[in-house]
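*Asks:* This is the structure, below, for whatever I ask next.
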Amino acid sequence: MNYIPTQTFYGRRWRPRPAARPWPLQATPVAPVVPDFQAQQMQQLISAVNALTMRQNAIAPARPPKPKKKKTTKPKPKTQPKKINGKTQQQKKKDKQADKKKKKPGKRERMCMKIENDCIFEVKHEGKVTGYACLVGDKVMKPAHVKGVIDNADLAKLAFKKSSKYDLECAQIPVHMRSDASKYTHEKPEGHYNWHHGAVQYSGGRFTIPTGAGKPGDSGRPIFDNKGRVVAIVLGGANEGSRTALSVVTWNKDMVTRVTPEGSEEWSAPLITAMCVLANATFPCFQPPCVPCCYENNAEATLRMLEDNVDRPGYYDLLQAALTCRNGTRHRRSVSQHFNVYKATRPYIAYCADCGAGHSCHSPVAIEAVRSEATDGMLKIQFSAQIGIDKSDNHDYTKIRYADGHAIENAVRSSLKVATSGDCFVHGTMGHFILAKCPPGEFLQVSIQDTRNAVRACRIQYHHDPQPVGREKFTIRPHYGKEIPCTTYQQTTAETVEEIDMHMPPDTPDRTLLSQQSGNVKITVGGKKVKYNCTCGTGNVGTTNSDMTINTCLIEQCHVSVTDHKKWQFNSPFVPRADEPARKGKVHIPFPLDNITCRVPMAREPTVIHGKREVTLHLHPDHPTLFSYRTLGEDPQYHEEWVTAAVERTIPVPVDGMEYHWGNNDPVRLWSQLTTEGKPHGWPHQIVQYYYGLYPAATVSAVVGMSLLALISIFASCYMLVAARSKCLTPYALTPGAAVPWTLGILCCAPRAHAASVAETMAYLWDQNQALFWLEFAAPVACILIITYCLRNVLCCCKSLSFLVLLSLGATARAYEHSTVMPNVVGFPYKAHIERPGYSPLTLQMQVVETSLEPTLNLEYITCEYKTVVPSPYVKCCGASECSTKEKPDYQCKVYTGVYPFMWGGAYCFCDSENTQLSEAYVDRSDVCRHDHASAYKAHTASLKAKVRVMYGNVNQTVDVYVNGDHAVTIGGTQFIFGPLSSAWTPFDNKIVVYKDEVFNQDFPPYGSGQPGRFGDIQSRTVESNDLYANTALKLARPSPGMVHVPYTQTPSGFKYWLKEKGTALNTKAPFGCQIKTNPVRAMNCAVGNIPVSMNLPDSAFTRIVEAPTIIDLTCTVATCTHSSDFGGVLTLTYKTNKNGDCSVHSHSNVATLQEATAKVKTAGKVTLHFSTASASPSFVVSLCSARATCSASCEPPKDHIVPYAASHSNVVFPDMSGTALSWVQKISGGLGAFAIGAILVLVVVTCIGLRR
């Protein structure tokens, strides 16, 4: 659902009122067609009378058009007013008059009321207005926190889409109501606006009102501008003293924005006072009207009244009132008050499958449930005894009361034992619940020592394996560590939101009350209320409170049971219930799950050894510790493992960066630098070694290619020389006595006819004249050298030109006056040089400080761990039961015939085969769902918010811009337009799951299609909504003979299975170094894409050239240079100027990035600047004010292989060839080229001469 309304209107019934004039309107007389003198005099007279009337009106108010006669009353004698509470009656009267005057609506309020008459509707809950819905554009909007339905038949039927991000519900307006809708606008100049209670001030992006002008119940009211357009919808407010800041939903140009001041409260009206019923009469739940409603006076009637009101909102007020018997006096709240509810309950005896000796029994300490939702490993155990209250219903934390037959006995709390594979440490106890910290184990046992010193125990199968908190599996809490969020059971006995169901206990059979006496059966009640049913004779059925005798009867013919409905007991599946309808009560339980922080250890820092593009970590864990790492490029290459012993791990570190996470320590990010062996400005083998370390494949390819070219050139040259000599000498060799001309002889090295061979000649010269020998040898060498140096000089002249041509082929970033493109990389400085005729150049510097990619989310549902609710079974003795349909998730109900259950006192029923048991079960959200649940969202278009720092001249400002589209902002009086981003990339899929502070890209099933044992087996919109869906494969089974229980089978929780198999969160493996955050879900600082920027700088941002220093004789000298290092170069600008001042400095190429943006200059001096480059031989132009100089440097590779910061320069440099390397290439290629050219010339000349013959 798009929460930006569409401006669709068919006409408005309201138009803004024209501005009021400060003078009364007078009827203008009609001028005569032919003016005359008398008419002019009459006109002057009328004007004078009007002026006189206006002066009188300024002194006294005008009379109404139809004055009403006032009734004259006799003046009453003045009496001294009586003082009441320090105030007189006159003061009270004045206060009332002031209140009446204050309630009169002002101009702004009246104007809003006219508009609101059509476009807003009340939202009502149980007949009371809780807020408002507003018609804006083509949509009806209602705050999501306002409970109730819209008080309009057409609008109440609409299907609303809910957005938790904006706290808003939205639906399309019916077509016939669009004429009632208000316009809206995103234009919000600072000033005053209107709403129902008067003026609203808008300043600094916040709406504020005087404190007291708004109140709960105003949620959903619109704020209008002076044209009647909606600019915002009120959600709540935050009291800030004399003024209240409003929490609103408003509109920007292309998106919806929610403004929530700190401390804001929702302004939905509080619900009405909860009412309860008694005998078809209603009353406030906290004020029962009858004396018998006091539990101490009539226990059973009071419990029945509570059962009748168990589902009403004021149930707990009624429970408190009935138990404390409020009589107008105030009761002190104390710890014992928390135990007061337990006087209406009692412990019980239930079936236990293992009573500690391998056999089953009916145990007074039967274990009902074990909860382990706390992440700190704490267990919350529920059993059938009660702790902290004695058998007299008094609070005593040293006692445990348990059921011993029909009686209640006390045990000492110190005898309580809880154990798994070892003894547990008990942290807290109250009522039916125990908090304990236990070692891992496969069973759980609870035991006490009764009054006869016998051990009463119950053991159940339970797998306890607490998971670690954080990234280290430790056992002992450290003295020093790191605090991280976790959950635990809060050790408090105060009332909580968690509750358990109670019900009336069943009639308990007890054969010990029967005795045989001379053919008669005697029933000994012992002060109890007993039901009896004997088949001997007639009429032997009833209830008695005293001993009685059944004549002529046997014990086997009688069935007696004790009935006691003065106390509730827990709704246990191991004890039958007394009533067939699902009557129940509820009580709060202690020890709620709470969000806290847990101290966890921090693994010892690893020993880090930096290598070339890799890092070696020596890990020394004290306990199993999680180690993970990822790269920060497009492919994260995530890896994780649990380390249990000292190991060594080597991790590759690319230029894009790497992040490793060791235990609970903070993640560490590292970047590699372009380090290598050799020298870029040394001998050829050193240069080859240098480039082989940086680009091994390219270097090998280049060297092999150049070698092949050299060999081919040499072989080709030799072949041409041999061919030329052959062509030259062949004709003369075939002609006897022919003489070879001396020119051909020189070219072809042809021997004379009378001369010896070359070897003989050279040997002769060596023996006879060595000086001539060396001259003969030096001549051709000299020729070759002369040709080589000539070619070298030609190449040197073209060197700079060819280098610049190649450099222009690379990626460069140039800044123009009104548009540029900056990289979307946090911390990367981007600078542009702006020139304007008549002004000194201006350096514009921009840097992305922070980015936030926030998708638009639509909550599909939440899922969490379920709990299976198994009410006490209903056993119908001597009859049949029937299941009824109930609107419960995954509800199951079955009736089993032929049951014959036993309780601790004997058979529950008197019949043998006509008994039936009604078993039912359903699924509900676990109590832990409030703290531990996963939310399934559908993600739509994401908005990218960037915080950009802009600096130019004297302006240094940081702005927030949305770069999905065009976003215009004003910085220092200059309009900048940012966006749209070059890449629409997002790390989020269209379906994501959010669990605590982790985000997962996961394809989850839609609402209503969950599968048992999988993610989404239970689904609901919120953790408290009534739209719970469940599919857990719950199936009931037939109870075992002779036992009272409700067996069932069910697929384990899909949520808990998902927690084990959920995999790695997007937080740790997001590409491009994204940092995933929640509340709201967003990706921070993703280094992807470029941001176009357009600007329109005024002339005032520049310095006139006549006012700026004039730089002359600017020269650049590079002192030191280390490439591929963060500002590892230092250069010095030497200059002369006509006056002192400030000059902007800038590098006009992406080959180098300057650290400084401005420099102070004097009449003569030097300026030292720092630069960063990735080139070994950078050559770049630096400007100081309007003067420019070329800087050339010979850079050395960095010494540090790994650094903890990213490079501040562009790594894309082409060609990255040092000047020395180019010189050696030119020398080698020049020599080979000269040799090849000489061979070509010889071949050409010989060929030409041969053709002339």
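Cβ from N, Cα, C; glycine included.
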*Asks:* In Swiss-Prot, which of 189-199, 387-397, 519-529, 1014-1024 is tagged region 'Dimerization of the capsid protein'?
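*Replies:* Checking Swiss-Prot against the ranges 189-199, 387-397, 519-529, 1014-1024, the region 'Dimerization of the capsid protein' one is 189-199.
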*Asks:* Looking at 2-36, 37-71, 667-701, which one is region 'Host transcription inhibition' according to Swiss-Prot?
*Replies:* 37-71
*Asks:* Can you tell me which of these residues Swiss-Prot lists as S-stearoyl cysteine: C796, C1086, C1116, C1248?
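*Replies:* Record says C1248.
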*Asks:* Could you tell me which of the ranges 105-119, 255-269, 300-314 is annotated in Swiss-Prot as region 'Ribosome-binding'?
*Replies:* 105-119
*Asks:* C458 forms a disulfide with which residue in Swiss-Prot, given the options C325, C352, C558?
*Replies:* C352
*Asks:* When you check Swiss-Prot, which of C878, C883, C929 turns out to share a disulphide bond with C911?
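*Replies:* If we follow Swiss-Prot, the cysteine bonded to C911 turns out to be C878.
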*Asks:* Take the region 'Interaction with spike glycoprotein E2' (161-166) and find every residue of the same chain, 6 or more past its ends, with a Cβ under 8 Å from one of its Cβ atoms.
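*Replies:* Contacts of the region 'Interaction with spike glycoprotein E2' (161-166) (Cβ under 8 Å, skipping residues fewer than 6 from its ends): 1, 3, 144, 249, 256, 258, 856-859, 1021, 1080.
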*Asks:* I'd like to confirm something. Which of the recorded sites, C718, C728, C1248, has a Cα closest to the Cα of Y193 (site 'Involved in dimerization of the capsid protein')?
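*Replies:* Its closest listed neighbour, by Cα, is C718.
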*Asks:* Helix, strand or coil by DSSP: which one applies to N226 (site 'Involved in dimerization of the capsid protein')?
*Replies:* coil
*Asks:* Of the recorded positions listed here (N226, C718, C1248), which is spatially closest to C728 (S-stearoyl cysteine) when Cα positions are compared?
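*Replies:* For C728 (S-stearoyl cysteine), the spatially nearest of the recorded positions is C1248.
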*Asks:* Averaged over the region 'Interaction with the capsid protein' (723-727), what pLDDT does the predicted model reach?
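*Replies:* Taking every residue in the region 'Interaction with the capsid protein' (723-727) and averaging pLDDT yields 75.
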*Asks:* Can you tell which of the recorded sites (C718, C1248) has the fewest other C-beta atoms within 10 angstroms of its C-beta?
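*Replies:* Lowest Cβ count within 10 Å among the recorded sites (C718, C1248) is C1248.
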*Asks:* What does DSSP call C728 (S-stearoyl cysteine) in the simple three-state scheme?
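*Replies:* Assignment for C728 (S-stearoyl cysteine) reads helix.
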*Asks:* DSSP on the region 'E1 fusion peptide loop' (899-916): how many residues come out helix, how many strand, how many coil?
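*Replies:* In the region 'E1 fusion peptide loop' (899-916), the DSSP-based counts are 0 helix, 5 strand, 13 coil.
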*Asks:* When the domain 'Peptidase S3' (119-267) is classified with DSSP, how many of its residues are helical, how many are strand and how many are coil?
*Replies:* 11 helix, 76 strand, 62 coil
*Asks:* Do you know offhand how many angstrom separate C1248 (S-stearoyl cysteine) and C718 (S-stearoyl cysteine) by C-alpha?
*Replies:* 19
*Asks:* Round to the nearest Å and give the CA-to-CA distance linking C718 (S-stearoyl cysteine) with N226 (site 'Involved in dimerization of the capsid protein').
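*Replies:* Between the Cα atoms of C718 (S-stearoyl cysteine) and N226 (site 'Involved in dimerization of the capsid protein'), the distance comes to 95 Å.
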